[in-house]
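Chemist: Got these off Swiss-Prot a minute ago, pasting:
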type	residues	note
MOD_RES	2	N-acetylalanine
MOD_RES	31	phosphoserine
MOD_RES	44	phosphoserine
MOD_RES	273	phosphoserine
REPEAT	428-451	repeat 'PbH1 1'
REPEAT	452-473	repeat 'PbH1 2'
REPEAT	474-496	repeat 'PbH1 3'
REPEAT	497-518	repeat 'PbH1 4'
REPEAT	526-548	repeat 'PbH1 5'
MOD_RES	630	phosphoserine
């Protein structure tokens with residue numbers, strides 16, 4: 001009934017959750033009501049709430065059966081739940097103490113008897129009277145109210161069935177299934193809000209395996225806060241829809257595997273024999289445990305907002321390209337909101353005069369941009385005439401086509417409006433985009449995502465809102481003479497196994513300039529990056545950020561010592577060769593940078609050198625790893641991996657006025 005009850009109702013005065021008396025005495029000399037009515041919360045995010053104060057409403061449910069007014073509590077804001085769990089319910093408890101703290105909180109708030117509630121299930125609703133509360137089990141002892149008010153969604157499920165069900169449950173109902181009925185005095189609003197916090201916690205926050213997690217630091221910081229933030233991020237369309245589906249699937253898989261693990265562990269504990277079947281069960285249990293741990297790590301990756309941003313969401317694009325036409329013909333698509341004679345004459349003069357000397361080419365005209373792109377086959381060209389084009393869906397480019405703006409980028413503007421995950425999706429083998437300005441609004445993911453193949457971006461302007469250009473694994477980006485700005489994430493995200501060439505671009509006023517996701521994952525190669533004559537400036541964080549594991553940093557600590565050892569220990573030919581290679585690389589790079597360096601070693605040269613030093617550290621780390629593997633007899637399969645370099649060419653880049661500097665690392 002709760003869903004139906006939220007459809008409408010009569011507003012009533014607000015009520016607040018009382019704090020735990022012991023915490024109130026320690027933290028706030030004022031009354032708990034004064035504390036909860038404060039207008040600001042230092043722990044809350046700016047975008048999570050609009051109005052202060054935890055409020056509850058009452059409503060008269062709409063339906064055939066005249067149920068009494070219930071207290072509505074499902075519309076609480078992020079910071080209201082945050083404060084309740086942090087300050088009044090869980091505080092700094094451990095996972096093993098969650099039940100104890102919850103019971104203690106409810107004992108201070110709930111009346112043990114004398115209140116009514118609507119027992120809500122997926123099948124029926126019935127009015128009950130609470131005669132007692134069994135706090136340790138989080139259940140209420142109830143009886144059917146007099147007069148009995150009952151409504152069922154199934155005609156076959158009668159009031160007699162409800163009475164039978166109550167008998168089976170021994171009249172003990174979970175508090176989460178009860179919706180408190182209001183009276184004119186509003187004295188039960190606090191109880192309703194307390195039950196709502198418990199209901200929400202066990203539905204959206206608590207996991208059955210939490211008690212078996214590490215219990216050394218407080219549960220709120222480790223689990224409650226990230227899961228609560230994820231819930232509201234999803235609610236406010238901050239998370240890609242595909243990632244939401246993945247998260248719920250992972251959660252279901254983990255719950256199912258954990259259930260199997262508990263059953264298996266229970267059967268083993270009841271078995272005293274050392275039989276072959278028991279040994280098989282133990283192996284199965286170890287496999288289940290390993291699977292559960294992997295699933296839990298994936299869940300934590302999504303729940304943590306920072307890691308969710310750093311690692312991103314690798315969506316699998318299911319869009320299939322059409323390929324070439326059966327007759328092999330290529331078509332030129334002209335997109336213009338209005339076609340006038342002057343524009344048509346200029347277009348034919350500038351664009352089609354050379355084509356007239358060749359074989360005949362078909363030309364199609366479109367007033368809608370997406371229809372023009374969707375009509376393309378391999379080898380087609382889309383010419384976009386000056387104008388402001390508004391799209392409400394995703395521009396999916398699955399074939400090798402060319403998207404060409406006829407004029408200056410500021411004259412050909414494509415603006416994304418309406419909520420959605422992505423703006424431009426590229427999966428074609430060879431996509432070319434030039435002379436266009438893209439403006440992003442309300443998207444969850446980047447303004448341009450390259451999933452597969454090569455995309456060339458030239459003379460374009462990208463006004464971002466979330467992330468700029470994302471280059472996924474196995475994809476390739478060649479970007480030249482383009483401008484990327486305004487991203488709340490990184491201007492450019494480069495994934496492992498991708499290739500990225502950046503020449504003469506501006507990347508500015510983003511959270512980070514370029515984010516390189518070098519996970520050192522065994523399944524991926526490192527990205528290959530060339531950066532030439534780019535201007536990376538006025539970004540909130542670093543100009544370039546490299547993501548790498550902590551173990552990577554540990555291996556780097558003795559890099560300089562390793563170089564010195566290689567130069568001294570000349571009797572070891574392999575070490576001498578490795579040292580010379582690195583020395584030659586440093587000299588080569590230094591010679592390339594010489595024209596850009598000044599007496600005071602300006603910021604431009606410093607930024608390039610910081611990236612080059614990272615290159616040398618990566619090379620040395622690989623050399624050390626190769627040497628260790630060689631000592632173990634592993635040489636053949638590793639040669640190709642160890643010979644790769646992340647930065648192919650770094651020169652002439654300018655780093656100016658970036659908040660944290662030119663180059664930084666994110667360790668995980």
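Don't overthink the numbers, they just go from 1 along the chain as shown.
The backbone N, Cα and C atoms fix where each Cβ goes, glycine too.
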Chemist: Under DSSP, the repeat 'PbH1 4' (497-518) has how many residues in helix, strand and coil?
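Modeler: So the repeat 'PbH1 4' (497-518) is made up of 0 helix, 14 strand, 8 coil.
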Chemist: Based on DSSP, tally up the residues of the repeat 'PbH1 5' (526-548) by helix, strand and coil.
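Modeler: Split by secondary structure, the repeat 'PbH1 5' (526-548) comes out as 0 helix, 15 strand, 8 coil.
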Chemist: For the repeat 'PbH1 2' (452-473), could you work out the same-chain residues 6 or more beyond its ends whose Cβ comes under 8 Å from its Cβ atoms?
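Modeler: Cβ under 8 Å, 6 or more out: 312, 314, 317, 400, 409-410, 426-446, 479-500, 507, 510, 524, 527.
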Chemist: How about long-range neighbours of the repeat 'PbH1 3' (474-496): same chain, 6 or more residues beyond its ends, C-beta under 8 Å?
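Modeler: Same-chain residues near the repeat 'PbH1 3' (474-496) but 6 or more away: 309, 312, 314, 426, 446-447, 450-468, 502-519, 521, 524-527, 529, 539, 545.
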Chemist: Taking only the residues in the repeat 'PbH1 4' (497-518), give me the average pLDDT of this model.
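Modeler: PLDDT averaged over the stretch: 93.
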